[in-house]
Each structure stands twice: as structure tokens, then as C-alpha cells.
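Enquirer: If you scroll down you'll find the structure; I have some questions about it.
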Ligand SMILES: Cc1cc2nc3c(=O)[nH]c(=O)nc-3n(C[C@H](O)[C@H](O)[C@H](O)COP(=O)(O)OP(=O)(O)OC[C@H]3O[C@@H](n4cnc5c(N)ncnc54)[C@H](O)[C@@H]3O)c2cc1C
């Protein structure tokens with residue numbers, strides 16, 4: 001059993017620089033020539049970045065991407081996942097729902113409405129959708145290349161975003177936000193990084209044994225389709241679906257797409273006994289009224305109580321988890337006894353605009369014109385993400401602070 005007082009944040013992959021902001025902004029006035037700004041010295045553009053930030057011209061800050069690996073207690077992820085930023089589909093994107101053999105295509109905005117506003121019953125009334133009735137959709141098993149049925153974990157609205165229209169040579173059309181990831185030659189690639197002649201995975205009928213070399217009956221799977229064109233297609237309200245592990249993908253308009261958070265699965269792997277215990281520097285005692293809390297240090301006795309009570313509780317709940325697994329109980333059932341202090345891990349991908357929004361809410365900083373009062377544990381994650389981002393986009397970072405840490 002391991003007890004940790006700190007969180008881990010690592011930058012796994014990125015495509016984020018101040019010059020990305022500059023070329024995206026200059027397309028308004030310089031058209032195609034703005035691409036020359038990609039390799040320009042962004043110092044020359046400090047004034048432009050400051051202006052965009054101050055006047056809240058937000059979209060130039062979206063043309064970049066950072067993927068973080070985050071290891072933190074589950075209580076952090078419960079707050080983290082409230083941020084629905086980033087990688088989304090317009091409302092008319094068609095998602096297959098229902099049984100594999102007898103499903104129907106439904107617009108993502110209608111799935112959202114059913115989920116959040118209730119399903120119309122047969123006499124035209126509206127009733128609440130029970131959470132256990134999360135609809136099934138399609139996910140690609142990346143080991144076999146075959147399409148399987150999986151329940152949607154969540155569907156959410158992500159705000160108004162620019163849209164790219166991707167057309168394949170076989171006539172499939174996907175419209176999605178530039179940051180939405182598509183499967184291309186086995187790797188997840190952002191829509192904005194795809195170009196004509198690139199290959200993307202699309203739904204197709206394939207022999208079931210293809211991946212193993214032993215041909216089987218025809219099954220729904222995926223095949224590579226060549227892209228014919230990638231063009232901007234306006235701006236509109238966007239949506240996204242969250243899928244459970246291990247694959248975290250779904251099919252939209254016949255094309256394989258990814259969702260934006262990938263968290264370790266307690267259904268597919270045994271959870272490891274790593275738990276959170278606050279360090280001595282974590283202020284333990286809350287004072288004041290809701291919305292006006294301050295936190296002060298606990299005394300030695302309080303720290304001792306917290307440490308012992310947590311460690312004891314963690315030990316007992318993990319023993320109960322193990323006992324159930326040994327008795328043959330499914331991991332997805334047994335995990336119910338594990339507390340929110342259990343460590344989990346995830347990949348979180350975002351662009352600078354969404355990161356700034358996240359930082360404005362999840363850090364407490366004297367430079368903020370709109371102060372926030374985040375829980376310390378998510379703030380520990382946010383501070384580490386901020387330090388990494390500051391190194392990648394120093395001019396944007398300075399402009400964010402100068403503008404009172406308000407996301408554009
Ligand atoms: C200090 C603190 C305390 C909190 N306490 C609670 C609590 O007690 N209970 C609780 O339930 N939650 C709580 N939250 C969560 C909070 O209400 C938000 O859900 C969370 O911070 C995500 O913020 P967001 O919706 O602005 O971010 P994102 O989902 O990342 O959205 C970014 C921005 O996009 C736009 N946007 C996104 N989706 C929509 C949409 N559907 N419609 C219109 N615009 C959209 C909005 O401008 C939004 O600000 C707390 C958050 C903080 C920081």
C-alpha cells in the first residue's frame with residue numbers, strides 16, 4: 001500500500017507555441033501569407049498577442065494542443081471532468097445508437113437533449129432519463145479493428161467552436177472542431193493536422209479474422225479511407241461524447257473519433273493501492289461562510305488524526321476490494337468500496353484557451369481580477385500544468401497574467 005501527498009503532471013505531447021497564436025490571428029488580414037508567421041520570431045508579435053488577450057479575441061488561442069498525463073486522487077478528477085472544453089462535434093453529427101445489428105443513427109444534439117432534458121414518452125410527455133439507461137453506441141476495439149457495442153458514459157455541450165469539414169474519397173463527410181482527434185494509421189491525429197491524401201479510419205464491413213490473418217465472417221469494423229479535402233466550415237454549437245475505457249472512441253458520421261479525457265479504467269484492470277494523504281503543508285481547517293472560506297493550518301493532533309484515519313480507512317476498503325476479487329466478483333462491482341482518495345491517472349488534452357479558462361478557475365492567484373477559491377488538490381495539478389505551459393508559450397502566458405488571468 002502506498003500513500004502519496006503530491007500529484008504528478010507530465011507533458012506527453014504538444015504542438016503549442018506563441019507563433020501558433022500569431023498565424024491564426026493574422027489570417028484575418030494576411031490570408032494564406034499568415035502561414036509565414038509560423039516560423040517567425042514571436043517576440044515581434046508580443047503587442048498583437050497582448051491585444052488579442054485584452055480584447056478577448058479567443059479563437060487564435062485554440063490552434064495548438066497539449067496532452068498532459070495526470071496522476072491524482074479521484075476527487076481531483078471529479079472536479080476536472082466538469083471542464084467540457086475542447087474537442088467536439090456539431091449538433092447534426094450522426095451517432096449510431098442501439099443494438100449492433102439493429103441500431104439507428106441519431107444526431108448528437110438529440111442524444112444530448114434526451115440525456116439532459118428527458119425522453120419524450122409515448123403520449124408526448126417528458127420523463128427523466130434514468131442514468132442506468134445510458135444509450136449504447138459503437139466503439140472500435142483497437143486490438144481487433146472490429147466495432148463493438150459500448151455504453152456512452154456522458155454527453156455534453158461544449159460551446160460555439162470553429163468547424164472543419166473533412167471529406168473522404170468514398171464520400172464520408174465529418175464536420176468537427178479542429179482539435180477533435182481522428183484515428184490515422186493507428187495514431188490519434190487532430191483534425192487540423194490532417195490534409196488531403198492522409199488516411200483516416202472509417203466504418204466498413206470487413207472479414208472478422210483480418211487482424212489475426214484467419215479470415216472469418218463479415219463483421220462491422222474499420223478500414224483506412226483517404227481524405228479528399230479538409231476545409232473550414234463556419235462556427236457552431238458543438239457537443240462531445242465521453243466513452244468508457246479501454247478504447248475511448250466512438251463513431252461519428254461513419255468515422256472513428258476520440259474523446260478528450262482518458263482515465264484509467266476500474267472495469268478493465270485491478271486498481272492499485274495508492275492513496276492520497278495530505279502533506280503537512282496542506283491547510284486542514286476551514287473557516288468562514290460558503291463562498292468566503294479560508295483555510296488555516298491544523299495543529300499536530302489534527303494532522304495525526306487525518307493521517308491515521310485516512311490510512312486506516314484506505315487499508316480496510318482495499319482489503320474488502322481484494323476479498324471480493326478473490327471471491328470472483330467483477331472488478332467493476334468490487335471497486336464500489338474504494339474511496340475518492342484512491343489515485344487514478346488520465347490523459348487530458350486541451351488548447352491554450354481552454355487551459356487559461358481552467359487555470360482561472362482552478363488556481364488562486366493575486367494577479368486574477370476575478371478571484372477563485374479552488375480545492376487545494378486540483379490547484380496542485382493546475383499549478384504544475386501552468387508551469388509547463390508557461391515554458392511552451394511564454395508571451396501568451398505573460399499576456400494572460402497581464403490581462404488579470406481572464407481567459408480570452
Ligand atoms: C471554486 C469552484 C467551486 C465549484 N463548486 C461547485 C459545486 O459546488 N457544485 C458543482 O456542481 N460544481 C462546482 N464547480 C464546478 C463549476 O460549476 C463548473 O462546472 C466548472 O468549473 C467548469 O467550468 P465551465 O463550465 O466554465 O468550464 P468548461 O466546461 O470548460 O466550459 C468553458 C466555457 O465554455 C462555455 N460553455 C461550455 N459549455 C457550455 C454550455 N453547455 N452552454 C453554454 N456555454 C458553455 C462557457 O463559457 C464556459 O465557461 C465549482 C468550480 C469551482 C472553480
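All positions are counted from 1 along the displayed chain.
Cβ atoms here come from the backbone N, Cα and C positions, even for glycine.
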Enquirer: So TrEMBL lists 82, 83, 84, 351, 352, 353, 357 for FAD; which of 59, 71, 344, 372 goes with them?
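Expert: TrEMBL names 59 for this FAD site.
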Enquirer: Max CA to CA distance in Å over the dUMP-binding set 79, 80, 81, 82, 335, 362?
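Expert: Comparing all Cα pairs, the maximum is 28 Å.
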Enquirer: Measuring C-alpha to C-alpha, could you say which of the binding-site residues 59, 351, 352, 353, 357 are within 10 Å of residue 80 (dUMP binding site)?
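Expert: Within 10 Å of residue 80 (dUMP binding site): none of them.
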Enquirer: Under 6 Å from ligand 1 by C-beta, which of these binding-site residues make it: 80, 83, 84, 335, 353? Sequence order, please.
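Expert: Passing the 6 Å Cβ check against ligand 1: 83, 84.
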Enquirer: Return only the integer: C-alpha distance in Å from residue 59 (FAD binding site) to residue 362 (active site, involved in ionization of N3 of dUMP, leading to its activation).
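Expert: Distance (Cα to Cα, whole Å): 21 Å.
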